[in-house]
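Q: Pulled from TrEMBL, these are the listed features:
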- A:29-49: transmembrane segment (TRANSMEM)
- A:109-128: transmembrane segment (TRANSMEM)
- A:135-153: transmembrane segment (TRANSMEM)
- A:173-195: transmembrane segment (TRANSMEM)
- A:226-248: transmembrane segment (TRANSMEM)
- A:254-275: transmembrane segment (TRANSMEM)
- A:282-299: transmembrane segment (TRANSMEM)
- A:305-325: transmembrane segment (TRANSMEM)
């Protein structure tokens with residue numbers, strides 16, 4: 001394609017040019033979808049393009065996306081954590097309990113983070129220490145963590161969080177930019193650097209592509225995976241702080257079903273569910289697409305089930321399209 | 001690519017179609033009826049009542065909405081999109097008494113009238129709450145139902161849920177307060193079926209054996225009333241012993257037809273949706289103010305008087321009998 005008529009034939013040093021790679025990439029497609037969703041929403045509802053409304057809409061995805069970043073790394077490494085929503089429930093319950101003991105806001109935050117870390121460490125130890133499959137372990141801890149919340153709370157709720165605690169889920173950093181949105185942006189940058197610019201990130205990809213090969217190349221596979229579970233637990237703890245602060249109360253059913261929404265977001269973001277590939281910008285775009293689609297449909301009062309169908313269809317399209325595309329391009333070449 | 005394009009085009013078409021339909025009457029008062037989850041018969045019936053109220057009022061557009069499953073997080077997303085649409089009022093049946101408070105407070109801060117109905121929100125998150133009925137009204141209704149079909153009086157027994165069930169105990173207490181208003185009605189026993197079908201059935205059998213002159217069984221629980229009606233039918237005493245109390249039309253339809261139950265009561269979801277809409281309209285148009293002691297008109301349902309917590313009871317529980325059971329049995 002890039003061959004010129006005159007002059008010596010150029011021998012490519014990579015499979016495709018940077019521009020080709022950029023235009024053909026998953027992230028570009030997602031960006032196009034995001035722009036399309038934005039455009040359609042603006043056309044469809046006069047209320048969409050309003051700074052405050054858009055700001056409110058970001059709450060639809062910020063907390064889930066925070067967990068999604070850590071989940072992306074975990075899935076790239078070939079593992080998964082389905083207990084994230086239950087970690088939120090347990091961390092939130094622990095914070096509610098701490099309120100009854102008279103803890104102040106900083107101690108509450110510490111409680112939430114600590115419970116997240118402990119839960120992550122528990123998952124990580126079972127997976128890397130005992131060599132159990134993560135999907136089975138975390139289905140177990142999914143029931144275990146939320147079960148503890150149900151035992152503690154039953155049909156009761158913890159309320160009475162200090163008013164300064166409300167900042168994390170209801171506060172604004174500047175104008176329409178909420179604390180959650182700022183945190184989401186900061187974490188996106190941190191995780192993008194961690195995955196794409198550090199040795200640790202390279203190790204995560206290496207493990208996902210070939211764990212045995214990675215082990216023989218001197219990567220401490222178990223340790224990296226343990227850290228990833230810790231990170232996922234920690235991010236769930238942070239999400240628990242934001243969500244609890246936003247709701248101003250804790251019930252054991254808090255964040256019910258979020259694990260699947262987080263995994264959906266990550267897969268939609270182009271993270272290979274089998275491990276080995278995917279990027280953080282992809283997850284960021286997927287989060288925005290999902291949030292804006294949900295909000296756009298909400299503005300038109302489209303029933304929730306239609307949104308679920310749309311997201312489901314989008315997800316299947318996302319996974320199927322690259323394969324269909326590959327098959328077609330192979331077919332034409334043969 | 002083509003699948004994605006098709007999806008997007010159909011989304012655009014759907015979106016514009018809804019937008020056109022939605023913006024037909026821009027000057028109307030828009031009242032959002034937010035339910036626990038879509039696709040539940042009880043709430044579909046409430047929406048029917050809301051539409052009836054809207055028709056009567058004329059300048060009202062009802063937005064019937066709710067999440068896919070009964071979560072507080074789902075309702076908050078719905079509330080946020082309603083705030084963004086600048087609706088005039090939100091009438092909500094809450095999935096969580098506390099978690100919705102911050103979102104509903106924000107709605108009130110932006111000038112939206114917020115009331116709760118059926119399942120309430122904590123006082124700081126709404127202007128008022130509409131209960132379908134009150135304990136006193138329910139207590140009175142269950143004995144009245146028994147008395148209505150016993151002009152000469154007679155022995156009646158109560159089949160309750162568990163001995164520690166707060167709701168049932170309160171209702172029975174309220175019933176005992178007013179039973180002197182029904183002369184000739186003699187409450188001989190109170191037994192507990194623990195809201196288990198088989199235990200309630202056995203307790204009902206026991207009552208019939210112990211009190212041969214028993215004329216009615218009052219079961220203020222939807223499990224107990226069905227079990228008692230079945231026990232009466234099986235003992236071939238349908239028509240002799242009247243089973244009444246609180247039950248669901250869908251479960252009681254057969255027993256009403258067989259004559260084991262002449263009538264029973266429960267709140268009427270259509271009236272509830274109607275009343276919630278009327279109240280929301282009156283508050284949003286400043287025709288009434290939600291404050292302790294206020295009386296807010298509700299159209300054909302009369303008016304509701306608010307207590308110190310800005311809560312009010314809509315009406316007596318609605319009575320279901322052979323004349324209307326067919327209409328309601330498919331609803332809930």
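Placed from the backbone N, Cα and C atoms, the Cβ positions cover glycine too.
A quick note: this is a predicted structure, and the numbers were derived from the prediction, not measured.
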Q: Taking contact to mean 3 or more CB pairs closer than 8 A (sequence separation of 6 or more), are the transmembrane segment (A:29-49) and the transmembrane segment (A:282-299) in contact?
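A: By the criterion, they touch.
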Q: Would you kindly check A:135-153, A:226-248, A:305-325 and say which stretch has the most C-beta pairs under 8 angstroms to the transmembrane segment (A:254-275)?
A: A:305-325
Q: Give the nonlocal contacts of the transmembrane segment (A:226-248) in its own chain as ranges (CB under 8 Å, at least six residues past its ends).
A: 59, 62-64, 66-67, 69-71, 73-74, 77, 79, 81, 84-85, 87-89, 91-92, 95-96, 108-109, 112-121, 123-125, 127-128, 159, 161, 165-170, 179-180, 183, 187, 200, 204, 254-255
